Amino acid sequence: MASSISEQINHLRSTLEQHSYNYYVLDTPSIPDAEYDRLLQQLSALETQHPELITADSPTQKVGGAALSKFEQVAHQVPMLSLDNAFSEDEFIAFNRRIKERLMSTEELTFCCEPKLDGLAVSIIYRDGVLVQAATRGDGLTGENVTQNVKTIRNVPLKLRGSDYPAELEVRGEVFMDNAGFEKFNIEAEKRGEKVFVNPRNAAAGSLRQLDSKITAKRPLMFYAYSTGLVADGSIAEDHYQQLEKLTDWGLPLCPETKLVEGPQAALAYYTDILTRRGELKYEIDGVVIKINQKALQERLGFVARAPRWAIAYKFPAQEEITKLLDVEFQVGRTGAITPVARLEPVFVGGVTVSNATLHNGDEIARLGVKVGDTVIIRRAGDVIPQITQVVLERRPDDARDIEFPVTCPICDSHVEKVEGEAVARCTGGLVCPAQRKQAIKHFASRKALDIDGLGDKIVDQLVDRELIKTPADLFILKQGHFESLERMGPKSAKNLVTALQDAKATTLAKFLYSLGIREAGEATTQNLANHFLTLENVINASIDSLTQVSDVGEIVATHVRSFFAEQHNLDVVNALVEQGINWPELTPPSAQEQPLAGLVYVLTGTLNTLNRNDAKARLQQLGAKVSGSVSAKTDALVAGEKAGSKLTKAQDLGIDVLTEEDLINLLEQHNG
């Protein structure tokens with residue numbers, strides 16, 4: 001009997017999985033929805049009677065599980081990179097040209113094109129064909145574990161079809177809510193008196209990030225796969241489109257508009273076609289993604305910053321509306337940048353209500369010729385940032401008034417300075433300016449800086465507004481009573497904050513330098529400064545020439561660092577912080593044995609086949625070398641990989657030593673790097 005029940009259950013599962021595959025992957029439903037539901041109910045009833053036969057990959061397990069208290073963090077083994085954007089045909093043509101120049105090829109490229117879905121990127125890991133983990137993109141390196149929620153999405157297979165899949169397979173794609181599902185969901189939510197969402201993307205995000213997966217299971221979420229991440233035993237196909245076809249064979253849904261095209265003109269035609277049919281599609285999109293199809297070419301092109309060179313998101317023109325400019329206010333940022341902000345009559349555009357827009361700077365105001373009282377065209381650039389793009393001059397009222405850019409800071413009345421060659425005007429008040437003061441202290445306390453637990457933005461705002469602090473150093477003279485006087489701060493929270501401030505005094509030189517908020521000096525830069533100069537005094541006294549000797553520090557960053565420490569009020573704050581007990585472990589200069597390449601300048605060019613470019617750079621730096629991005633008379637050696645171009649020619653002209661990748665590997669092994 002048990003065998004018969006087991007056979008019934010297995011038969012129902014395979015039948016339901018086949019119908020799901022027909023419906024979601026092949027887009028050819030083979031039975032009515034009611035019949036599918038009836039079969040699912042039969043399976044559920046049998047599993048309820050025989051719980052020992054329930055498996056994790058059963059279609060009935062898409063109903064959700066126990067609620068979570070919070071999402072755990074998941075590190076992506078292969079980073080989930082973002083894409084560079086193109087907003088015009090010229091920008092896409094430039095992208096195509098850059099690729100061909102880098103490949104040194106005149107042949108037309110094959111592109112894989114697909115709509116850019118307006119949802120959330122997720123990673124789904126299958127182990128031995130079974131879904132074991134799902135995570136959001138997060139910051140690209142770390143995301144949130146949403147496994148239980150993704151399991152409830154109806155077109156996500158809990159078990160892959162077939163048997164030829166890798167032992168471990170990471171599938172990447174987009175979770176979204178189609179237009180019909182979104183409309184139905186909002187209507188039902190409104191009837192129940194619950195929150196309605198302004199657009200499908202917000203609805204998808206809110207649904208996927210539910211701590212209770214049973215709630216997610218009731219939401220009409222969908223998933224389309226678009227790539228892979230980690231794959232056991234290497235790639236599953238020689239080109240991207242073949243890879244997608246393999247995914248569909250294994251039961252994963254693919255956007256039906258995905259298409260292979262030859263050459264840039266065909267890619268542009270695809271873009272135009274999708275843009276024309278945008279309103280007819282069943283889901284929201286904000287552009288198309290265009291990728292080089294051949295995996296070998298993708299590997300040769302590699303990555304820049306946090307985006308691949310071989311793909312681009314060609315965004316659609318933002319949706320536009322007409323509204324009225326009511327006023328312009330000037331905001332002051334942490335670095336003193338003066339930014340004009342347009343206050344608008346609220347208008348619904350691109351899925352949200354917009355009442356503010358950036359005017360960027362004085363040059364943009366002059367270019368637009370805009371006045372207060374004008375009727376303007378507003379758009380959301382890239383469907384994100386509201387912008388004024390045009391003035392409707394025929395509607396200009398008689399009482400329209402010019403926008404006067406301030407000559408003094410609207411916050412502290414200090415002089416406003418506009419450096420030649422820069423579009424941004426800045427307040428010269430530094431840490432005297434309350435606007436900069438708040439942002440400077442928030443930056444100082446942030447996680448990547450001194451990481452002062454409990455010192456949130458609202459507390460900083462209150463401390464500055466009440467004039468309890470004027471500089472970061474003032475934080476360390478505050479007593480528990482000062483914090484207890486703030487809104488929503490009880491004795492326990494105040495005591496914890498005092499303790500956190502004391503704990504934060506023990507830091508590193510790199511974090512301390514980062515906490516000062518020097519323009520364009522990020523985490524990597526301040527770490528390199530600390531490693532190079534070893535002491536705060538050395539950094540303070542460093543000349544621009546000596547600063548540019550630091551790895552990854554160019555003349556612009558060096559100038560910002562030098563200018564910061566040339567200002568006495570900045571030095572006063574630094575000295576006060578040290579006097580308050582900020583400290584870090586003493587750094588000792590590495591020995592000649594530890595850094596045998598100290599003082600030497602290397603340049604990497606071309607494709608490295610054995611070493612990862614970033615790994616090679618890091619290993620050279622560990623041995624004391626400076627790795628530069630350009631060849632000059634100061635370069636000691638050039639490492640030339642395959643397809644080395646103009647840098648190799650210049651190095652040969654200058655008589656600079658040229659190393660092969662094999663030479664570099666031998667050099668690193670010689671010095672145990």
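Cβ from N, Cα, C; glycine included.
Annotated features, as they stand in Swiss-Prot:
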BINDING   Asp33, Ala34, Glu35, Tyr36, Asp37, Ser82, Leu83, Glu114, Arg137, Glu174, Lys291, Lys315  NAD(+) binding site
ACT_SITE  Lys116  active site, N6-AMP-lysine intermediate
BINDING   Cys409, Cys412, Cys427, Cys433  Zn(2+) binding site
DOMAIN    592-673  domain 'BRCT'
To the nearest whole angstrom, what is the C-alpha distance linking Cys409 (Zn(2+) binding site) and Leu83 (NAD(+) binding site)?
37
Counted with DSSP (H/G/I as helix, E/B as strand, rest coil), the domain 'BRCT' (592-673) has 28 helix, 17 strand, 37 coil
Pairwise Cα distance for the residue listed as 'active site, N6-AMP-lysine intermediate'/Lys291 (NAD(+) binding site) [Å, integer]:
12
For Cys427 (Zn(2+) binding site), nearby residues of its own chain (Cβ under 8 Å, 6 or more apart in sequence):
Val332, Gly336, Ile338, Cys409, Ile411, Cys412, Ser414, His415, Val416, Glu417, Cys433, Ala435, Gln436
Would you mind listing, in sequence order, the residues at least six apart from Leu83 (NAD(+) binding site) in the same chain with a Cβ closer than 8 Å to its Cβ?
Val289, Ala307, Pro308, Ala311, Ile312, Ala313
Fewest C-beta neighbours within 10 angstroms among the binding-site residues Cys409, Cys412, Cys433 belongs to Cys412
Measure from the Cβ of Arg137 (NAD(+) binding site) and count the other Cβ atoms within 10 Å, all protein chains considered.
20
For Lys291 (NAD(+) binding site), what is the tally of other C-beta atoms lying within 10 angstroms of its C-beta?
21
Could you tell me which three-state DSSP class Lys291 (NAD(+) binding site) falls into?
strand
Including all protein chains displayed, how many Cβ atoms other than that of the residue listed as 'active site, N6-AMP-lysine intermediate' lie within 10 Å of its Cβ?
23
